[in-house]
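Record features, source TrEMBL:
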type	residues	note
TRANSMEM	B:6-28	transmembrane segment
TRANSMEM	B:35-56	transmembrane segment
TRANSMEM	B:68-88	transmembrane segment
TRANSMEM	B:100-122	transmembrane segment
TRANSMEM	B:142-164	transmembrane segment
TRANSMEM	B:200-220	transmembrane segment
TRANSMEM	B:250-272	transmembrane segment
TRANSMEM	B:278-298	transmembrane segment
Amino acid sequence: MNPQFIMDGLIAGAIIGLGAVGVTLTYSILRFSNFAHGELLSWGAYLALAVAGALGFLSAGLTKPIAPFSFGWALPISAVIAIGLTGLLALAVDALLFSSFRRRGSAIIIMVMASFGASLALRSLLEFLFTSKPAYFTKALQIAMKLGGGLRATPDQLLMLGVALVAVVTVHLLMTRTDIGRAMRAVSENPALASIAGIDVRRVIRTVWFLGAALACVAGIMSGLLIQIRPYLGHDLLLPLFAAAILGGIGSVPGAMLAGLIIGLCEALAVQAVGAEWRAAVSFVILIAVLLVRPRGLFGKAS
Amino acid sequence: MTLDILAYAAFFLSMALTYAIICLGLNVQWGMTGLFNVGIAAFVAVGAYTSALLTTPPSPDRFGGFELPIFVGWLGAAVTSGLLSWAVGALTIRLRSDYLAIATFGIAVTVQLCMLNLQPLTGGPFGIGFIPRPFAELQDNALAFSLANFAVMAIVVIALYLALEHLAKSPWGRVLRAIREDEMAAQALGKRPIRFRLQAFTLGGAIMGLAGAAQAHFIGFIAPDNYMPILTFQVWAMLIVGGSGNNRGAIAGAILVWGLWALSAAAVSTFVPAEQQARAASLQIVAIGVGLCLMLLWRPRGLFGEVSPLTRLKSLRSAPSKAPSKE
């Protein structure tokens, strides 16, 4: 068997892991599974694409590739702007939709359903704005470097793995070492008690949305840079995201990232062993196995 | 000309009624029991493919083609989809409420993959053709053919409606409502919520399978493209617009939303230039998504929604109690 599947799996897993951290955070603090989370990945990628296009229009020098990578300075700059814009988008959806359900104390399942409707609207809006034709950040081709042990990777891929690692470590430190992180964990334990203790629950909710959307945007840009950008990019990743969040244990940031990598590796393995056409079924099999054997996941607390 | 319009109306209504059957199935799961199913397309597809395999003439390039009567195909469809829903439900209903939603979403993705890739069973991307249509001997006379098919659909919908209404009033239906309104109280009375939920989920799935079979035989051809996630969205829009918990609402919602969908699709194809049609069609879907959210925000009980028995009881109690308190 070709060991290259390890590299492919790590890259796919990093994308899934970043998305799953967002899913697990919104799930543990807002208490519903957000079916619109995948759309944040797609919107992040398209927003970055649009900003990068505008920057390239302003100054052609920005699109000139930086040494070993396939993209110019336009992409990192637009990524930062897109992260902010995706965060604002998530806050806007919350203000328009989910906040009124929270105010009314609606059943969880109503919020799930609303997120389902929102995902449909957001995805089709992308299809309307950008058409369903795949788009790319860069047209440049990259030669994969030999890493030893039969592994190959392009500089872009290695950079993205590094970015994913930095992002997850940052979020983990944020959750465990800062005041807002402690407040987030308190709200996820018990919102009523947390607000009595003087925690601003609404601020925590805004932070969760922004953080989840920012990570989704990074994952979307990664997927867009390494594969391609499509309106269905996020929708096709939604099942792996849920599977990773549940496998890692709802609420656990390192768990979600680890589970994302496991799912990515299993997918890559399945592509080699069974065939690429069954790739999407892997996360379903893992999901069913987790629900059967250990519904609280690897690092989850028993309910 | 008028005959053509009549034939088209019958065709349109028959199609709407197949959606009404799916909607009735979803109403058992969501309206009566509060179970959220995001994989409607999968259960409909399984029904359609089962019935197609059972009733088509034998074919050398794929499994099956048993040439059984259409009635057997419909029955088989309901049984297979029911079994699938039972399996999904048994696995997830005892867990958190949204795990069922995630699992049904997974089922939809997986069934889609199976339809495309299990070529020897499903015919792959090209699907299955030559599915026997009821009253095929009338096919030369478009009007008689459409009317006969419409009559079959109408009879199925009416029979299902009566059966479900009866079921809702039966002790079983009362337990379901009790569980939906107050699980603890129902449990205290010795009812096991998980068992009743699972039964309702299975029944709903079986009805969806039946709908899939009815639709497959009405069109005469099935392919994976018919069972995209958009089908799930459409059916949800129908039930939410019509009013969950109400069988008449489910049927009315199906006809109304299908009518709006067909009308807007016709408008897109006449007024929008060919190269922009895919974009315009995606706006149509945006409208369904936004509409779903707005209904949930403004009128969660739909146009003909059921009044919750607890609310009804409260208003009954508060009405007479207010009068004496004034004295």
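Keep in mind that glycine also has a Cβ here, set from the backbone N, Cα and C atoms.
Whatever TrEMBL says is automated annotation, not expert-curated.
Contacts between the transmembrane segment (B:68-88) and the transmembrane segment (B:142-164): absent, as fewer than 3 C-beta pairs lie under 8 angstroms at sequence separation of six or more. Sequence-distant contacts of the transmembrane segment (B:278-298), counting only residues of its own chain at least 6 positions beyond either end whose CB sits under 8 Å from a CB of the stretch, comprise 230, 233-234, 236-237, 240-241, 261, 264-265, 268, 272. For the transmembrane segment (B:250-272), the partner stretch with the most Cβ pairs below 8 Å, chosen from B:6-28, B:35-56, B:100-122, B:142-164, is B:6-28. Below 8 angstroms of C-beta separation, residues 35-43, 45-46, 49, 53, 61-64, 84, 88-89, 91-93, 128, 201, 224, 227-229, 232 of the same chain, each at least six residues beyond the ends of the transmembrane segment (B:100-122), sit close to that stretch. Counting Cβ pairs under 8 Å to the transmembrane segment (B:142-164), the stretch among B:6-28, B:35-56, B:200-220 with the most such contacts is B:6-28.
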